[in-house]
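The structure appears below as structure tokens.
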Amino acid sequence: MKRMIALDGAQGEGGGQILRSALSLSMITGQPFTITGIRAGRAKPGLLRQHLTAVKAAAEICRATVEGAELGSQRLVFRPGTVRGGDYRFAIGSAGSCTLVLQTVLPALWFADGPSRVEVSGGTDNPSAPPADFIRRVLEPLLAKIGVHQQTTLLRHGFYPAGGGVVATEVSPVASFNSLQLGERGNIVQMRGEVLLAGVPRHVAEREIATLAGSFSLHEQNIHNLPRDQGPGNTVSLEVESENITERFFVVGEKRVSAEVVAAQLVKEVKRYLASPAAVGEYLADQLVLPMALAGTGEFTVAHPSCHLLTNIAVVERFLPVRFGLIETDGVTRVSIE
């Protein structure tokens with residue numbers, strides 16, 4: 001019998017990432033875990049619908065036995081079984097992030113006995129989670145270099161707080177993992193601005209694009225009007241394609257916040273990324289830790305290692321026989337498998 005791993009949910013950033021990473025790793029390694037103080041660092045601690053959906057999805061995919069899987073629970077015991085490929089559908093029942101649920105279960109399906117399709121309904125444009133286009137255009141091309149073949153499709157947008165969005169991913173078992181080397185970003189090839197609108201006046205998008213164009217030379221400017229019943233909602237994104245990597249940044253519009261202020265937030269974030277020669281942005285860095293650990297080799301550079309990143313590394317090191325090294329030089333941190 002494999003040993004039970006005990007995790008403190010208040011560790012590091014004290015959010016849901018600890019739980020999501022633990023679920024992924026438990027499914028992959030077969031190691032059971034118990035976690036207490038779930039989301040202790042949040043205003044509403046314990047399991048929300050999004051986290052509960054991730055737990056139930058993980059349990060279904062590997063036939064796990066679970067204790068504490070209920071809304072508001074701050075303690076969970078997860079004993080995994082065998083991961084099975086198949087066609088899965090999960091509903092969050094709120095505007096909780098579809099992509100974070102997918103992020104939890106897809107790594108385990110890399111080790112399944114056959115191809116899988118996972119469909120999740122809930123929120124697709126959430127201010128605290130990566131949108132589907134980030135997964136599709138940024139993360140998945142990098143995963144392909146590592147040897148992971150999955151394809152995400154956004155079937156319907158769902159903005160906060162209404163939700164109602166649908167995201168699906170098709171994934172195949174991984175034959176072998178390759179080393180990912182992302183030390184240098186390289187020169188910028190082009191930048192693309194994009195705005196999504198659903199039930200929001202078009203002039204909002206035009207003002208957001210104008211704000212982006214006032215700070216960057218945009219090779220493309222796209223405005224997409226979605227059906228009104230998928231809103232109301234507004235997301236503005238800026239994609240930076242460089243020689244070695246494509247990064248994508250986004251801000252979700254809010255009520256009573258002007259288009260100019262929303263776009264200015266995005267401008268600030270992109271300028272912070274471009275001010276450093278590091279290849280990887282803060283959000284992407286979190287998502288590369290697990291696949292890199294499974295490969296057992298690789299490295300990337302990031303300007304500032306976030307609390308999210310450090311917490312994720314700590315959880316991975318509890319489940320897998322790997323150690324990460326972080327070396328800071330001239331304001332750039334190189335993250336690698338030692």
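Using the three backbone atoms N, Cα and C, a Cβ is placed for every residue, glycine included.
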Which single residue out of GLN103, GLN150, GLN151, GLN181 does Swiss-Prot record at the ATP site shared with TYR283, LEU284, ALA285, ASP286, GLN287? GLN103
May I ask for the distance between ASP286 (ATP binding site) and HIS308 (active site, tele-AMP-histidine intermediate), taken between their Cα atoms and rounded to an integer number of Å? 7
Taking the recorded ATP site as GLN103, TYR283, LEU284, ALA285, ASP286, GLN287, identify the other residues of that chain whose CB atom sits within 8 Å of the mean position of the site's CB atoms, giving them in sequence order. PRO130, LEU139, GLU282, LEU288, VAL289, HIS308, LEU309
Between GLN103 (ATP binding site) and HIS308 (active site, tele-AMP-histidine intermediate), find the distance joining the two CA atoms and give it rounded to the nearest Å. 15
